[in-house]
């Protein structure tokens, strides 16, 4: 699993919808957590002054969130658990926003209680769950596996609500109320052993409460006697000893109660569905206990409520509220009532310690203490919340933002295509658009970045599709767009011409899909158009014709499948029915429902089902947190309805599509528009492109040292002269641009027969392996060098804490990276199904940040402390590799960027690595050789490349310098301290940059800051000398790694090479032969290396 996906959110000026369905305050009273109908969780900062600010959105559920609860002892592990309507459960670390565990069970939970008895239980405790199933489930809080269940001996039923009775005087018990109004009690303390032994555990007591629709049950911990039970139309107070009724209060004015809490002895708080709340004092009635009722029992002392206070609330009966109460156990010991609305608003009331009524006895009104919405964050930080195409689009609505209704990113062309509400389509370079949006000097990027505007639609553009991204056999210039008027246009995006218009005569086109490669009709793949009126149309692009119009579906289309043998189109609908269409004739062959429909769909399950077929990088296919929002408006690309699944060529894409270091994800917030875009930086892939391949990772079945020698062989074939540059120091590292130059990777190895031939004047190499019948070569991978290095610089610009000190100018001068316009919203893909994004103004409640670092791109105050600890661990001689005084500044700049990215990857991998694995990896790295007095930059980067390969592949064969062992231990410890990945990365980056800038004080620097206009030309001029350095480093790699059989004196070269030396170098690929040795994978070495290596051989 790739864990190096960093993200930057470009939100736009309108906040995404967040319809609150669940709310809680964490035990440390520093954070509010809300779950939404859209499936996302939101973390809100809560200050000691009870000020609120939205901090982070967590993407992990594909359905509406039903409940939230703590999942650990919060003082030890800040974990909470969330449950969704479709049975998904996630355990989150709310400190760093990462999902630590996820499971999907066939249960819909409506309430969860955490229980742990330290002296009787092992593990992390239990999650006691109730919902739309019988009785109570017991789920392991760590693994989310079902451990056992509490069963009912009589009248098993669904459970509406529950609470845990925990007291030092009595045993722990679980109290529940069923949908039929049955109160049941299970003993927890005495049931632990029985549950661990999988024995049935039944209730010890039950009582019918004579009311329905129970909302809340609460035990009074102050008196350990009263029991509050809130129903929708009344609330009651019982004596916990024998469950006798003490009080009944019926709702008035048509209000429906939603919950309640015991806030003090004989004092309760009740709230309603429309957000009103009331505080009552329970008073004794004064009835004598000597009065006996007719049945002979002793009459219990009865009580009656006295209304003390009520809370002020805006009258809005159309917005249901979810509410809760928190009694702070830490200073300043606030009692807080909180609510969340479907509109996304959070409101807090500070409940006084001693609520009192007015002098005339009427209830006193408690004012609202704080209220906040996501939009408030966006309004206060409008510069942070700009859209990615604001600089390029002249299309503005009243709010000043581009009205984008659909969006598509083409990684192979680095083009972002945005369809707008007025029918125009904007095409721009995505990386340039991101730089213009985020970096200072964006106007220069805007002026130098061409963009196109396509005009052809008369209605809003609702869907886009780039067919070549799904099948390389289709024309690279084709693009499809659909609109509200049921018109689909085939474009040539290079010439901006309209090739054809398809008029479907149906509803708005909500999704454009493509058949898999195995399904072809008339020699070509088919385009499937799904419309909002439940109709489906098939288009033949080559023939410019519409093959099928299927209009008889009664429910929204949920699934599209293809039958390649009989040319059938299989359409699955939301009611689980199936329609089978014959494509050639356009007739409906069959219509099935129920079990037959499920069988038909399962029989066609031979290819991958996905939510969307839009061409995105494979890592974004793995991180499906945004694609798979089945019941929410958060979807990647326009989908026809929640949960649409199509059988497509994405299985083929997964095999053919190579991950790229930079991607753009459009995220839908409504069916008709794109709310924001996410920039994805694949740190692992970026390091792969920039670091040299470690020699230990070279497959013996491949040609000599892979792609670099292939390139050299090609240059020999083309009769290009190879030159070596004279240098006093050891050969330097590969430059970033040179390494990122487009090359073709060798085919995938394994049990296949791999042959490589490069023929010129008899030059031929061949390596044979075990023969296999099936051969699936790895796809060719071409990466633009300038795009790679620009991506690396933009990534570093986004992470550097600009404005912390006076090093900004030095970073711009020596690293040639531009400063950010302001703080940005960072994010992280923590798991294959989970994603977290910071919101604009996430640090509003952090008074220290506002006071000391206002407007600084500092992730948290903790970053500076972590950076100091990291710097203290660094030995004096360890830092960014130097020794490049004789090289041009552009090469030093590239080497520094390579080194910084490799360090960031190391940090990212270690922080995400499990502790036991990190310890095992750390113990496997030991000192293998004595450091030279003068450290070579090439050796540093090769060491990092070797260690990177170990972390990526899980091997323990590589070695790092001893100095890195202490850093490895330090970074591994950060995981246990709930340090966020972005915090750790920013801290290490800042420490390394500071070390580098300090070292530059001893090195003469002749470079000047490069302007944006000169940046591109400068990088192009640097390519040629860096290619020469690549040759030099390759020979240095051989010298450092492969010991010679016989000592050979170094050969000195003049700057003017004679013809004999040139001929030797031209013939060198012919001599780069790995002969079979007695030890598998161990090459024999030849003395010819010394003839071409300008460095001293030791």
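Placed from the backbone N, Cα and C atoms, the Cβ positions cover glycine too.
Outside the repeat 'WD 1' (15-54), and at least 6 residues removed from its termini, the chain residues within Cβ reach (under 8 Å) are 60-70, 74-75, 78, 80, 82, 84, 92, 94, 97, 322-324, 326, 328, 330-332, 334, 336, 338-346, 348, 350, 369-378, 385, 629, 631-634, 667, 669-670, 675-676, 839, 841-847. The repeat 'WD 1' feature in Swiss-Prot is assigned to 15-54.
Residues of the repeat 'WD 2' (60-102) grouped by DSSP class, helix first, strand second and coil last, total 0 helix, 23 strand, 20 coil. What Swiss-Prot records for 60-102 is repeat 'WD 2'.
If you look up Swiss-Prot, you'll see 158-196 marked as repeat 'WD 3'. Across the range of the repeat 'WD 3' (158-196), the DSSP-based residue counts are 8 helix, 20 strand, 11 coil.
Taken from Swiss-Prot, the feature repeat 'WD 4' applies to 315-359. Among residues of the same chain six or more beyond the repeat 'WD 4' (315-359), those with a C-beta under 8 A of the stretch's C-beta atoms are 15, 17-25, 28-29, 32, 34, 36-37, 44, 48, 50, 52, 258-259, 261, 263, 267, 269, 271, 273-275, 277, 279, 306-309, 366-375.
The repeat 'WD 5' feature in Swiss-Prot is assigned to 399-438. Mean pLDDT for the repeat 'WD 5' (399-438) in this predicted model: 85.
Taken from Swiss-Prot, the feature repeat 'WD 6' applies to 456-501.
Feature annotation from Swiss-Prot assigns repeat 'WD 7' to 504-549.
Taken residue by residue, the repeat 'WD 8' (552-591) breaks down under DSSP into 0 helix, 23 strand, 17 coil. The repeat 'WD 8' feature in Swiss-Prot is assigned to 552-591.
Residues annotated as phosphoserine in Swiss-Prot, with similarity to another entry given as evidence: 1077 (among others).
Residues or ranges marked as phosphoserine by Swiss-Prot on the basis of similarity to another entry: 1079 (among others).
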For the repeat 'WD 6' (456-501), residues assigned helix / strand / coil by DSSP:
3 helix, 22 strand, 21 coil
Are the repeat 'WD 5' (399-438) and the repeat 'WD 6' (456-501) near each other by the rule of at least 3 C-beta pairs under 8 angstroms (pairs 6 or more apart)?
yes
Across the repeat 'WD 1' (15-54), what are the DSSP residue counts per state (helix, strand, coil)?
0 helix, 22 strand, 18 coil
